[in-house]
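> A single structure is presented below for examination.
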Amino acid sequence: MSNSSSLNEFLLLAFADTRELQLLHFLLFLGIYLAALLGNGLIITAVACDHHLHTPMYFFLLNLSVLDLGTISTTVPKSMANSLWDTRAISYSGCAAQVFSFFFLISAEFYLLTVMAYDRYVAICRPLHYETLMGSRACVRMAAAAWASGFLHALMHTANTFSIPLCQGNTVDQFFCEVPQILKLSCSDSYLREAGLLVVSGCLTFGCFIFIVLSYVQIFTAVLRIPSEQGRHKAFSMCLPHLAVVCLFVTTGLFAYLRPASISSPALNLVVAVLYAVVPPAMNPVIYSMRNKELKEALKKLVQLLLVQQQ
């Protein structure tokens, strides 16, 4: 194919060749997807309906759940459909939409996690200024900034990636359209422009990560100074779920993109992509609800209400 304009579709990497394994992949992804829908949906509903959870921390958690739902809905349903119908195809426009949506949601999620780290820092290290610094308008602006930054980030990468001539076939070595795999199809040095943008994005991401790390250094320093054990336990309960989500997000992403080429293979690429694109959206609701007494109570009330309505 001479250039990208002649491409009508891409071929994604299949999880399995045999029909039995394809159906197993479909059922496995279906279970994960339904769990993510249920977990994130319950958190969104609980935070929206329970006035006790109308605080900055839970407002950001609601945004995080919306982003997680979007992220897993961008990649998993198409992969499930391909396995169910024994196909590998995704249209050119569908691939572009998938790249844009995934970049948008993943970028916005990491920026939101950075904002959530700032919220935890203010709550613990500057509690007297919390209402001033984290008022409702400030929270909305910070959340909007995270979403807008993700949108601009995605628009820039998608436009640049799909303006590059592609002549190395149409097979993408991943179960969804991923920018590094699409760049391998390039037939000119213009891919270096997108590679440069990826490096810039990586630097911005690293800057956010350093901010999160420094925030938690100060948070834990302040927590260890709290005289009462109950106070320390409450502070850790507020921070550890967020820290666990950040670690899961960052470690899977770093392993996906920075692992040595010597340990790269199609099968490993699939597993790693699942770890950073599928597992975090499904696990985040579990992580946040495990140690959070207020959220567990709200979820319990919500489930009881749903059961009563069904009877």
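The backbone N, Cα and C atoms fix where each Cβ goes, glycine too.
Please treat TrEMBL annotations as automatic predictions, because they have not gone through curation.
Per TrEMBL, transmembrane segment is recorded for 23-45, 57-76, 96-118, 138-156, 198-223, 235-258, 270-290. Residues annotated as domain 'G-protein coupled receptors family 1 profile' in TrEMBL: 39-288.
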> Grab the same-chain neighbours of the transmembrane segment (235-258) for me: Cβ-Cβ under 8 Å, and only residues 6 or more beyond its ends, written as numbers and ranges.
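Counting only partners 6 or more residues beyond its ends, the transmembrane segment (235-258) has Cβ contacts under 8 Å with 57, 64, 109-110, 113, 116-117, 120, 123-124, 180, 202, 209, 212, 216, 219-220, 222-223, 226, 272-273, 275-276, 279-280, 283-284, 287-288, 290-293.
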> Give residue numbers and ranges for long-range contacts of the transmembrane segment (57-76): same chain, 6 or more residues beyond its ends, CB-CB under 8 A.
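For the transmembrane segment (57-76), the sequence-distant neighbours (Cβ-Cβ under 8 Å, at least 6 residues beyond its ends) are 29, 32-33, 36-37, 40-41, 43-44, 47-48, 98, 101-102, 105-106, 108-109, 112-113, 115-116, 119-120, 123, 139, 143, 146-147, 175-176, 238, 245, 277-278, 280-282, 284-285, 288, 295.
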> Of the stretches 96-118, 138-156, 198-223, 270-290, which racks up the most C-beta pairs under 8 Å with the transmembrane segment (23-45)?
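The listed stretch sharing the most Cβ pairs with the transmembrane segment (23-45) is 270-290.
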> Taking a Cβ cut-off under 8 Å, which residues six or more beyond the ends of the transmembrane segment (138-156) line up next to it in the same chain?
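Beyond its ends, the transmembrane segment (138-156) has Cβ neighbours at 56, 59-60, 63, 99-109, 111-112, 114-115, 118-119, 197, 201.
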> For the domain 'G-protein coupled receptors family 1 profile' (39-288), would you mind checking the mean pLDDT of the predicted model?
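Summing pLDDT over the domain 'G-protein coupled receptors family 1 profile' (39-288) and dividing by its length gives 87.
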